[in-house]
Amino acid sequence: MPIYDLIIKNGIICTASDIYAAEIAVNNGKVQLIAASIDPSLGSEVIDAEGAFITPGGIDAHVHVDEPLKLLGDVVDTMEHATRSAVAGGTTTVVAFSTQDVSKKGPSALAESVKLDVDEYSEQTLYCDYGLHLILFQIEKPSVEARELLDVQLQAAYNDYGVSSVKMFMTYPGLQISDYDIMSAMYATRKNGFTTMLHAENGDMVKWMIEALEEQGLTDAYYHGVSRPSIVEGEATNRAITLATTMDTPILFVHVSSPQAAEVIKQAQTKGLKVYAETCPQYALLSDAITRCHHHGEVESYGVGIDLSSISESPFTNPDDRFIGSKYICSPPIRPEGTQKSIWKGMNNGTFTIVGSDHCSYNYYEKTSTASKHRAFDPENNKNGEFRYIPNGLPGVCTRMPLLYDYGYLRGNLTSMMKLVEIQCTNPAKVYGMYPQKGSILPGVSDADLVIWYPDDSKKEYNSKPKLITNKLMEHNCDYTPFEGIEIKNWPRYTIVKGKIVYKEGEILKENADGKYLKRGKSFMCTPKNEWVTEWRPKYES
């Protein structure tokens, strides 16, 4: 008689710290038992892993959904689309963003901003659990009183909705926040144990560079990257570390792309500072050749470890179409060839604590009443495809796990499969207050969020196993993927969320979708050192 909801047999469990052959029993959405052998008759459902890896479900803590006109366009994925795409690629938890609603005032203002999003997403079919970060871009009272009010607002957001992380921007008109306000925010995030996230680019440098390029008529998509050179990211990173050191506040840099920024981060970590960082697959795998070739009409290499000759649907099919490069515009930008090795190095040596996707999906063939191809083309408003009008962002929540499995683990750019689990599953859970419920495989404690991959060494042919990345495979609402046509050697065979199979051999099982809003705890890693550079102390430390 069955006593377990699900049994997984003949698998190789891989966690952040160990790899071993074992079998797993699941009950009531939790990992119930791990043993060398489990009687299959005890399970209502049984999966034979056939010697493949079983990993914790991936955690993508950098996902943008439902964001209208934030950065020049509409993000086309709802939370439903994003979670569907996530599970198709082995991610079982996403953390998206709730942008501060500046019309809300008073102690509950931030909690009310979160409530708007939670209420909206509760009406959608969700394929996995999700959490929310807060995007903070305006301090209600730009004065000493601001930090005290923000303290109360953060407490309310945590108590009501389990939000324990705040993101701020050092660039983008309308979102860029001053150093003064960053310090005020750090005052409050430190007190409340929030993870402080920063998009580090010097916004004033970017603004100046954009205007200087436009003055010379250099406005193709390629020049987006030229306007945001590595030094722009490096300067802002160094400045943010200085602010954080002054405030004794742990910080996490999101989507780091620059070797210069990575070096500054590693130096701070070597000094014992509480500095963490996230990078993304696009910075390890793509190079700016993908935009440069359209600008110069040349076909060059795609990036590190990716052979264009094997790509069936080459992004370089029409090198004369300079606007195709807009498919690869993100901020920070994809960097020149040769820099990607430093990103892999950072994943292996601890510079990068986590890997997120920065999923931010904009349609390439978006049309408006006055635009022939894209919102960036709007002659009535003097828009002719200039890079300043192209939305910044790439879809990527589905490809994050498989790309690092193949181009990281299988091809030797990551030191081990355990490293993949550490930076894609376990560390995100620890950094963002979800461990050990998420990001681990611990009996009686962890949610049964699991990924069963295809066997790597099997000679058996699996018709459901993809060989190339295609947009159809993504299960998102976007009309392209930047990795179209790229060879892929493995892919999730089964994605299991809280004990239910939601993705099986290429098929989404909508009837098993049961994602919920996830209230998070405080970070396991982002705790202050209680070391100060001056005699000043926050009042709450007095």
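Heads up, the Cβ atoms here are built off N, Cα and C, so glycines get one too.
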N6-carboxylysine according to Swiss-Prot, picked from LYS9, LYS167, LYS419:
LYS167
Hey, Swiss-Prot has substrate bound by SER331, ASN392. Any idea which of TYR161, TYR172, TYR180, TYR540 it lists too?
TYR172
Check Swiss-Prot: it lists HIS62, HIS64, LYS167 as binding Zn(2+) 1. Then name which of ASP248, ASP288, ASP358, ASP378 it lists for that same site.
ASP358
LYS167, HIS199 bind Zn(2+) 2 per Swiss-Prot; candidate in HIS81, HIS255 listed for that same site:
HIS255
Cβ packing number for HIS62 (Zn(2+) 1 binding site), 10 Å threshold:
26
Near ASP358 (Zn(2+) 1 binding site), which residues of its chain come within a Cβ-Cβ distance under 8 Å, counting only those 6 or more away in sequence?
HIS62, HIS64, VAL254, HIS255, CYS280, GLN282, CYS330, GLY393, LEU394, GLY396
Starting from the Cβ centroid of HIS62, HIS64, LYS167, ASP358, the recorded Zn(2+) 1 site, name every other residue in that chain with its Cβ within 8 Å, sequence order please.
VAL63, ALA96, PHE97, HIS133, VAL254, HIS255, GLY356, HIS359, CYS360
Find the shortest Cα-Cα separation between LYS167 (Zn(2+) 1 binding site) and the binding-site residues HIS199, SER331, ASN392, and name the residue that gives it.
HIS199
How many Å separate the Cα atoms of SER331 (substrate binding site) and HIS199 (Zn(2+) 2 binding site)?
9
Neighbouring C-beta atoms (10 Å sphere around the C-beta of TYR172 (substrate binding site)):
18
Inter-residue C-alpha distance, TYR172 (substrate binding site) and HIS199 (Zn(2+) 2 binding site) (nearest angstrom):
10
How far is it from ASN392 (substrate binding site) to HIS199 (Zn(2+) 2 binding site), counting Cα to Cα, in Å?
13
